[in-house]
């Protein structure tokens, strides 16, 4: 198994290939190759990303089947089911790295800003459950001058929300805290640019 640093470097190299159009993994597997994967999986990294159709982690990082354990949910939020999924992959497969992957122009961020600025027209109860997870990352920014510039507010809110999810994974699970303390797991924040295809990594 790779170290967290090696896994991170592999993802960075893969994204560089994706951005430059030199992808290696966007090909169909043979029947034999698929069958060989049926018995087990050995992902080297966990990706907690947004459900946005424009941000498929395997393509963004130019990885193949079985390489990444991907959890997708609107707004890359951390709820119990996401924590449990990360715990499962880290504990069962020994994945040394978790990437919380946000992205520019995130719909969940926009929905949260809209809900907070126009409380008279709240979203559905189910969508509100997502908004409430993102809410703390946006509310703190609405107390600054960013409230007067929605474009800048959205940019900062995406990063604030990634930071919040990273923090929740680092400190909201005894299983993950133990793995981190033992040096067996690292949680890193990142942001995908819809405009360029580049992933920027943040050392929060």
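Heads up, the Cβ atoms here are built off N, Cα and C, so glycines get one too.
Look at residue 103 (Zn(2+) binding site): DSSP puts it in a strand. Non-local neighbourhood of residue 103 (Zn(2+) binding site): 49, 50, 52, 54, 55, 158, 191, 192, 193, 194, each in the same chain, at least six residues away, with C-beta under 8 Å from its C-beta. Per TrEMBL, the feature Zn(2+) binding site maps to 50, 52, 103, 106.
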Across all the protein chains here, work out how many other Cβ atoms are within 10 Å of the Cβ of residue 52 (Zn(2+) binding site).
20
DSSP three-state call for residue 50 (Zn(2+) binding site): helix, strand or coil?
coil
Residues other than 50, 52, 103, 106 within 8 Å, Cβ to Cβ centroid, of the Zn(2+) site?
49, 51, 54, 55, 74, 75, 76, 102, 104, 105, 107, 108, 109, 158, 192
